[in-house]
Amino acid sequence: MAQSLALALDVPETTGDEGLEPSPYEESEVHDSFHQLIQEQSLRVAEEGLELLPLGLGRGDQTLPGLEGAPALSSATLRILASMPSRTIGRSRGAIISQYYNRTVRLRRRSSRPLLGNVVPSARPSLRLYDLELDSTILEEDEKRSLLVKELQGLSAAQRDHMVRNMPLSLGEKRCLREKSWSPKGKRRHLQGRSGAFSCCSRLRYTCMLALHSLGLALLSGLYAARPWRYALKQIGGQFGSSVLSYFLFLKTLLAFNALMLLPLLAFLVGVQAAFPPDPAGPVPTFSGLELLTGGGRFTHTVMYYGYYSNSTLSPSCDAPREGGQCSPRLGSLPYNMPLAYLFTMGATFFLTCIILVYSMSHSFGESYRVGSTKGIHALTVFCSWDYKVTQKRASRVQQDSICTQLKELLAEWHLRKRPRSVCGQLRQVVVLGLGWLLCLGSTMGCTVAVLTFSEVMIQRPASGGQGVEALALPLVVSVLNLGASYLFRGLATLERHDSPVLEVYMAICRNLILKMAVLGVLCYHWLGRRVATLQGQCWEDFVGQELYRFMVVDFIFMLLDSLFGELVWRLISEKKLKRGQKPEFDIARNVLDLIYGQTLTWLGVLFSPLLPAVQILRLLFLFHIKKASLMANCQAPRRPWLASHMSTVFLTLLCFPSFLGAAVFLCYAVWQVRPSSTCGPFRTLNTMYEAGTVWVRRLEHAGSGASWLPWLHHFLVENTFFLFLASALLLAVIYFNIQVVKGQRKVICLLKEQIRNEGEDKIFLINKLHSVYEEEGRSRPGRTQDATEPPAWHEDGGDQKEPCNPRSP
């Protein structure tokens, strides 16, 4: 066997570039000496290149089509490829220790302390900073370790810990290096810690710290376990796919929105009014249980509704009310003004909700519309999706189902692109879609006219104050029409036979959205345009709040009935009578629109019932568990799986623009234009609710208190329309800049992918050149006769074409 030789590169190091990595120009001498290195490497044992040799095929194996055109590389080329840095990373601890020894030398040579972020945890040996050893017997590993330990002892504690932490070694090696590099003082401190030589105060301090840390971990684990979606979301995503999972994720988002809305209402309105309850105007009715359906009765005399809140300042002692029903402020103090608190709390709550909603929508847009290459995505899903930290059998089963469902969705999407529809089929599809839309719009118009007619009939009847069962008539009619129209739309979608299940869901969402928004528009006109005029001398705000409460309760009951009869009964009929193994599918469009409809009712009624977000939270929690149980027991996974990559963005967009924007317009009209009731509520003595802020500013100007800047702030920020336009422009600018940032990130991703592709082509070119050089040397050697045939080129798989990277395509 030939003796292994060592090549020492004598490249002088100047003082000007100490601590810096060599540039490509400075390493030209190193690259020029590669020819000598290749000649010496050719003398090594041939077994080092065995790992790149193709394995022999077994008896029953078949030749893969991709291996027929594989290049026949020589043994020398295989040995060179086997010694490449990318194939030797992590093999030689001596090389790693030698590399970090040179790094510590550079750290000590620097005049100033370096930035820790500049240290790259690479395992490739440097060709410039130490001798290139090809034989491990030249420098022993122990000698390298001792040199590294000496250099580590000369570093500061922070630099030493950071250097050892980033070494690509095992934990035992790192622990050994850290212990050997300790100073004598550090060793004594470590021995004292292990022997327990601590004072009583130190022991008490450490015990308290450990107890607090354990308590915090226990509280966090308890909060994590108390979440209803802790395990259910993974189970749903694994069994039913991302399309059904998007519904439950949207429900979780609505829970967060209502919780954020409820907190300021409880802190500044409900809690304060409950601490200072007003005197009852008459006898308070007893609780009968019917209030849970109608929202009237005993609930009318609680903090549930607008009429219970007082129109005076809340304090333990208050002077007689002056003009506008307000108490005069005492010297040097500003009492709690309930009308002002009611108005500003509602405004701040809606403004905060708007900001969070717009941010969530933009963030979801950036997450879902990122650049994703479909080339090799199936292989990545198969080989790179498993989480090896999962050890429990139940969790591993869920992860297995999730990967299987994800593969089905990817294959279904790929198969859909490979099967375009013919021209005749497209014309037929357009005609069927046109007829379907005409029927949907006609049914929507019919439902709207029916709701308007029935609401006029209800106006002609005497108002019952929301205490009888007859008050549930209008919510029942609206819920029946919504449910019947949704089933009609679903039947039309079945007849239309869409090629894409995503398009089918989007069509159903648009049709249900048009229906529900039209019905809600008629109801808003009924409440503010008709009911206010007929309820003169009564508290119309309480009536509107009770109506919205009844709509939420009846809608919740119909959702339960739909889960019971629409899913459970249909499953029993399909399995018992029809003898089919198929179960009904989960209707994503109708269930999502039910959530948006319920959230719109909450936003419409929060001004007249401050505790309506709490009712919505309870409603969503019940819906989560009921829908999950019904889904697991009565539904099956979609027969045509599809990847819901943009569904969260679509849901948040629909929640923002038609739902939240419409509710904001409704409430702004109620605050600025409609006269409040003169018998109840915090604005009973005012012409509009907005005048509460004007009256408060006027009182501050007359009082001449130290808060004289508040009237100026109210004038320029509230009454001046320029600030409103400026805030709207800033919000639109933030949305625009966020969209541009997302587009820029997608373009950068495209450029990086193109750069990676070019680097791969460069490496293929160099390998081909290296193979050609060895073939020429083999032919030129004496004593060998070989046909002068050109070696085959190392190439990529010819079946895959370069996929164009288009950053504008979602």
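Just so you know, glycine gets a Cβ as well, placed from its N, Cα and C.
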Identical membrane-side domain name, F454 and E541, from Swiss-Prot: yes
Omega-N-methylarginine per Swiss-Prot (candidates: R93, R103, R165, R497): R93
In Swiss-Prot, the member of S33, S136, S242 to which phosphoserine is assigned: S136
Segment proximity, the transmembrane segment (505-525) to the transmembrane segment (254-274), 3 or more C-beta pairs under 8 Å: no
Leading stretch by Cβ pairs under 8 Å, where the reference is the transmembrane segment (722-742) and the options are 206-226, 339-359, 430-450, 553-573, 604-624: 339-359
Winner by Cβ pairs under 8 Å against the transmembrane segment (430-450), considering only 206-226, 339-359, 469-489, 505-525, 650-670: 505-525
Structural state census, the topological domain 'Cytoplasmic' (227-253) (DSSP three-state): 22 helix, 0 strand, 5 coil
Residue counts (helix, strand, coil, in that order) that DSSP gives for the topological domain 'Cytoplasmic' (360-429): 49 helix, 0 strand, 21 coil
Outside the transmembrane segment (469-489), six or more residues from its ends: residues with CB under 8 Å to it: 290, 293-294, 296, 439-440, 443-444, 447, 450-451, 454-455, 458, 461, 508, 511-512, 515-516, 519, 523, 546-547, 550-551, 553-555, 557-558, 562, 587, 590, 593, 597
The topological domain 'Cytoplasmic' (671-721), counted residue by residue under DSSP: helix, strand, coil: 27 helix, 0 strand, 24 coil
